[in-house]
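> Below is a structure I'd like to ask you about.
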Amino acid sequence: MSANRYYSIKHYQQSLLSSDWKSGISVYLVAVPLCLGIALASGAPLLAGLLSGIVAGIVISLLSGSEVSVSGPAAGLTVIVAGAIKDIGNYQGFLVAVVVAGVLQILLGKLKAGRFSAYFPESVIKGMLVAIGIVICLKQIPHALGDDQDFEGEFEFEQVADHQNTISEIIRSFISFNTAAVLISIACLVLLILWDRASKKNIGFFKAFPASLAAVVLGVCINEFFGMFKPEYFLGNSPAHMVSIPSFQHIGDISSLLSLPDFSFLTDSRVISVAITLAVVASLESLLSLEAGDSIDPLKRYSSPDKELVAQGVGNVLAGMIGGLPVTSVVVRTSANVYSGAKTRMSSLVHGMLLLISLLFLGKYLNHIPLASLAAVLLMIGYKLANPKVFLKVYKEGYDQYVPFIITILVIVFKDLLFGIFVGTFVGLLFVVFTNFQSVISVVREGRHVLVKFNKDVSFLNKPRIKQILMDLKEGDEVFFDGSRANFIDHDIYNLLYEFKNNSGIKGISVEFKKVHRRIEGDINVYQPDTNESKH
């Protein structure tokens, strides 16, 4: 089956609908608490998180360069957003920054800036996915145990608000766990595991019906059972343990709560500074998520990063215009989408439409969902991302892949996403440089005969290696330097070799050069063969 058939909504095939609606529901269930939690953490109205999720789900899905990427408000921007709202001192002024950031992203896309995403090493992208899986699991353990003091979607290791960190949160949740939440999360997790096994065996109902929806229904039923027969266990007595979507008596009530941008702030330097920061960080997160989505897409489709930047820009312009938070492509939603069986962008569109329907009509019903059941869904997603088999697979690819992979994981888990990506990429770059140094020069010894071959251009950075090779030569050796594959040999290297040749007789070493070029005085770009290439 050709992957091309999946690309167009216009030519969408009904046979794909069962996979896409199932994954759309799964992403929607994950997105609801994340949208609300991120809005809460950002110091923005709860409605802002849902509005961003709706815009991202509907608009960006249609414009995106990816078939599996899912966008929404991002946890990685919460610190920036919260600080910006406080600094500007006005939410309407902050919305102007979101709109301007969107315009800047559109310009970046038109300028083909998305191509730089290809420079992130594959080992770092794999490390990012595994790290996000680990973080999801670590962050959801407290919610599974009924400790819901922190917002859904929190990602950083250090929690500035309560001076806790991920590990101390887990310890606290084990000390003060909620029995009902534990029972619900365990029951839902067991159901998800069994459902997944049945689905892999192609048992019709289990393959067609979303496992995440089944888990949520089970969680609601158990909690309602507690409400009727064990009131002391009923989680609904505390809104902190439940989904909390704003509900409205009439649809018209929503418009009265919308915050609109105040463009009188457009000349405020703080707004422009925030806009530039948002544009850069949101673009980076989106491009990283795009790369991650492509890497786990079963159909191995490649997405246009420039098209994605334009789509994200349009999404942020619209989100800012109606009072929403800035959006990015998000790995958590994207991975939930892929692992739920999504085939096309229709699944992301379904998730956006469901968010809209929920805001308009279903708020009071969805508020019966315990967060413990959603924690089970996210724990399952986290495990799939951080599957132990990935560690073994990358390990077999060699230390040059495994070391950046592990370092990326550690820094993301114990610091944050972007810093982890940059550190992992830097370490990967060091390995590339080291490997290049090693491959530039090869040495073969057969008895007294030594062949030193320059396999590519030789720069001054290779000088320590060449010095060591010269130091290792012994009296009576016959060494042959072959520079036929090198278009460039640095002046320092040339001088070092010819100085050694001129003194080699004293050491009893025979030296021969082949196409070892030297610099012509006055022209740093032109080289000529040494006319005196001969045996000493």
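Cβ atoms are placed via backbone N, Cα and C, with glycine included.
Quantities reported herein were computed from a predicted structural model and do not represent experimental measurements.
Residues annotated as domain 'SLC26A/SulP transporter' in TrEMBL: 18-392. Per TrEMBL, transmembrane segment is recorded for 21-40, 46-63, 68-85, 91-111, 123-141, 174-196, 208-229, 309-332, 369-386, 406-434.
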> When you scan the chain for residues with a C-beta under 8 Å from the transmembrane segment (21-40), skipping those not six or more beyond its ends, what do you find?
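46-50, 52-53, 57, 70, 72-75, 78, 151-154, 208-213, 216, 243-245, 325, 330, 332-333, 336-338, 340-342, 346-351, 354-355, 358, 366, 371, 374, 377-378, 381.
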> What average pLDDT is reported by the model for the domain 'SLC26A/SulP transporter' (18-392)?
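The predicted confidence over the domain 'SLC26A/SulP transporter' (18-392), as a mean pLDDT, is 88.
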> Is the transmembrane segment (309-332) close to the transmembrane segment (174-196), in the sense of at least 3 CB pairs under 8 angstroms with a sequence gap of 6 or more?
no
> Mark yes when the transmembrane segment (369-386) and the transmembrane segment (208-229) have three or more Cβ pairs under 8 Å (sequence separation 6 or more) and no when they do not.
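They do touch: at least three Cβ pairs between the two stretches lie under 8 Å.
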> Can the transmembrane segment (123-141) be said to touch the transmembrane segment (68-85) if we require at least 3 CB pairs below 8 Å and skip pairs under 6 apart in sequence?
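In this chain the transmembrane segment (123-141) does not contact the transmembrane segment (68-85) - fewer than 3 Cβ pairs sit under 8 Å.
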